[in-house]
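According to TrEMBL, the protein carries these features:
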type	residues	note
DOMAIN	2-108	domain 'Sodium/calcium exchanger membrane region'
DOMAIN	255-404	domain 'Sodium/calcium exchanger membrane region'
TRANSMEM	33-56	transmembrane segment
TRANSMEM	68-84	transmembrane segment
TRANSMEM	90-110	transmembrane segment
TRANSMEM	185-206	transmembrane segment
TRANSMEM	221-239	transmembrane segment
TRANSMEM	251-270	transmembrane segment
TRANSMEM	276-297	transmembrane segment
TRANSMEM	318-343	transmembrane segment
TRANSMEM	355-380	transmembrane segment
TRANSMEM	387-406	transmembrane segment
Amino acid sequence: AAVTLLALGNGAPDAFASAAALRGEGGLPRAGLAAILSAGAFVSAFVVGAVSLIAAPFAVPPASFTRDVFLYLLAASALFYIYLSAEIFLWQAVGLVLFYVFFVGLVFYMDLGAAGKAVSSAEQETANGMSRGAMDLPVSVEHQKQRKASLWTVLTKVTRVWDWPVTFLLKLTIPSTLPSEWNKFYVCANICLCPLILLYSFSSFIPLDSRIVFLLPQIRFPLWSVVLLVSFCLALSHFRFEKESPETENIASTLISFVMSVFWISTMAGELLNCLAAIGVIMDLPPAILGMTVLAWGNSVGDLVADVALAKNGQPTIAIAGCFAGPMFNMLVGLGTALVMQTAGVYPKAFVLEFHVGIVVAFVFLLLSLMATLLVVTWARFRVPRFWGYCLMGLYILFTIVSIAIGSSSG
């Protein structure tokens, strides 16, 4: 379960950004595919190497490690075969998404029996971490005063001023799921604004200015005005009659919070791709180079920070699992969903894939890093050696140099 949650948290922004590029929202369909593969190579080589250098040598569960790496290798090989065929059908795109569903089901099935032991181990590590944290707490009052008066604290307060507009906007549109954070004003704003934002997200299917009959039979109102009026009335009634915060978390608010978070992630992904397209036009850079460098590195920063933090906190096994499950989510769900949309538009014909030698190189390096990691760790009796971290980092540096050289020469 921890593997799938870590993959979802790390891979969701990556999947939206790369899928948006593949759909052509930023005008860079080739960059989207290149970014997915390059991000996978970055995480499976550079991030795994960083985790290895921090925590190695450490043991990994044989069954879980073999499952994650082998299924990722199998999915990447299948996608490579589809790419070499230069076309993809609807059933193949749907198969990519279903393959990740199969992976999640297999993870829960295999880890279900060990859930009790995992919880006990996690509780023990948490207790040890709390005891270590209590020992590391500063006991000097003068030291605390010095920290509060430091320049870093001043800079932090300045950055909070910059963060306030963004935080305020997110609170207006994303409901809080914790009863302790309940605020009547923000809840009313959520009720009023969320339906309108969701309508805007589906504007490609239902235009905002669609005329419908509402209350008055002879007058047709724009759809957005009707939704705004209804949601505003519901917000007023909630503000009038709701007095206390809920005692427990609400499933409906949690679901709406997740949907709105996905909306903002998707919106920011689209804006990122627009900026990426502008950079490419201004600097006259090939789309493949942008996808393999800027977008891939930007997408993978979250994986690097999260997995390295887990390794430093004494949980390298979960970090290694996230290094393979996150990019797999990005490739199968993000890319698979985009391909489903593309192939559904040309069904029953196949969607033609544009060939580029840089993408083939990305496939080769990704498959090479996965196969080599599986063989080396298995040879070391399922222990990650430290020297393998240097090898993986060197492999990714070589991949970056080769990709930039090919992208610069071919465009």
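Every residue number used here counts from 1 along the chain in the order it is shown.
Every residue, even glycine, has its Cβ placed from backbone N, Cα and C.
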Paired segments the transmembrane segment (251-270) and the transmembrane segment (185-206) in contact, 3+ CB pairs under 8 A: yes
Interface-richest range of 90-110, 221-239, 355-380, 387-406 toward the transmembrane segment (68-84), CB pairs under 8 Å: 355-380
Annotated stretches the transmembrane segment (33-56) and the transmembrane segment (355-380) touching (3 or more Cβ pairs under 8 Å): yes
Same-chain residue ranges lying at least 6 outside the transmembrane segment (90-110) that approach it to Cβ under 8 Å: 1, 3-4, 63-64, 67, 71, 75, 78-79, 82, 325, 328-329, 331-333, 335-337, 339-340, 342-344, 347-348, 351
Contact set, same chain, for the transmembrane segment (355-380): CB under 8 Å, 6 or more residues outside the stretch: 30, 33-34, 37-38, 40-41, 44-45, 48, 57, 60, 65-66, 69-70, 72-73, 76-77, 79-80, 83-84, 86, 288-289, 292, 324, 388, 391-392, 395-396, 398-399, 402-403, 406-407, 410
